[in-house]
Amino acid sequence: MRKLFGTDGVRGKANMHPMTAEMALRIGAAVGRYFRRENDTVHRVVIGKDTRLSGYMFENALTAGLTSTGMNVLLLGPVPTPAVGLMTRSMRADLGVMISASHNPAEDNGIKFFGPDGYKLSDEVELELEALIEAGVEPAQAQNIGRAKRIDDARFRYGERVKSSLPRDMRLDGLKVVIDCANGAAHRAAPEILWELGADVIPVGVSPDGLNINRGCGSTQPAAAAETVVAHGADVGICLDGDADRVVVIDETGTVADGDQLMALLASAWSADGRLSGGALVATVMSNLGLERFLNERGIGLERTGVGDRYVVERMRQGGFNLGGEQSGHIVMSDYATTGDGLMAGLHFLAEMVRRGQKASELARQFEPVPQLLKNVRFEAGQAPLEADQVQTAIAEAEKQLNGRGRLLIRKSGTEPLIRVMAESEDPVLLNRAVDDVVAAVEAATQ
């Protein structure tokens, strides 16, 4: 069982375990040793980050650890997470590292890894890394210590890759687009790419100060962007999160469309064009029941996975699927990217607007979501509330009541000490009762 790694790398509050400079140094050394263990020649790693203040500290600590084991480090600076996957492959690196806590507040940070193929590491590799981190590793000989070098054009390389995923003749001339970059990693790249495609760009969340990432902006807080869309009479809004691997879309009325709606649009469009590999979409257990029904009506399959875009990608690779994602806005288009890419997904939504000549509001609501209720229960370290008898009894009773009229999902968060209790049903009484009963049982088990 992994102790250090969660569903998306190592994450926590900066300067608190495990996100300390000392731990980042140990992680860098362990990862460096792991990825050059076959021989003693010098290898290469790329490191990207978002705009958090603590990113400087972790960038330097990781660089020290990696170079101490003989890895040459290529520093990309602030770039979207998908750019790290791209650059790992294009720079022929042995490893890619992204320093980010994604949509979390500025005081948090995280470290996630990409293998030489540009894909996130498997659970098995992370277990091996944890053992090395705990045990410590021997440094390289003095003559084999690595070097560090800055790569100044990473965001431009990323921009060209994103644009290459679109039809060659697609232009956004005359389209007024609000782009909310969450004061994060895409604050320069996203507006530039939209401008290059011909859009009239209205930027929001493009003034990072190290402390304002995801604060009152971005995909998890799209209200300000929605107000901007309406106030400026914009055609559409695109909201990214801090590391730009998530997206939500805002139509011209200020209504927000989540990842499920975007996946529904792309899946139906790709299926109609014969581009949907495997005839199915890959999504997590959190995706709405309404999405499943929408796809079924169109003869499109739905493959569900655990929560986390890495598990979506794993299933896509196993089954030969090329479209997947999460309700939260991670959209993975594996013909073009190795991980969720919020900007790329947003641009493909714009491409559908242009191709069909339709408003955002005509495309952003593909299906009527089944009412969904989600509640979180915090627990303390060492507690295992889901194993308690009263919790298991409450779950069984709730599932019995929902049978055929909805669904219930209970899971432990992979990034926080939370138990997430979610249910879906058109019956509001049944919906609330199912969630409340399970939540009460979990809370009792944590006392």
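Glycine residues also receive a Cβ, built from the backbone N, Cα and C atoms like all the rest.
Since we're looking at a predicted model, the values are computed, not measured.
Annotated features in Swiss-Prot:
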- S102: active site, phosphoserine intermediate (ACT_SITE)
- S102, D241, D243, D245: Mg(2+) binding site (BINDING)
- S102: phosphoserine (MOD_RES)
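Over all protein chains present, the Cβ of D243 (Mg(2+) binding site) has 35 other Cβ atoms lying within 10 Å. The Cβ neighbour count for D241 (Mg(2+) binding site), using a 10 Å radius and every protein chain shown, is 34. Annotated Mg(2+) site S102, D241, D243, D245; additional same-chain residues within 8 Å of its Cβ mean position, judged by their own Cβ, are D50, P80, T81, S100, H103, G184, A185, L240, G242, A244, R246, G340, G342.
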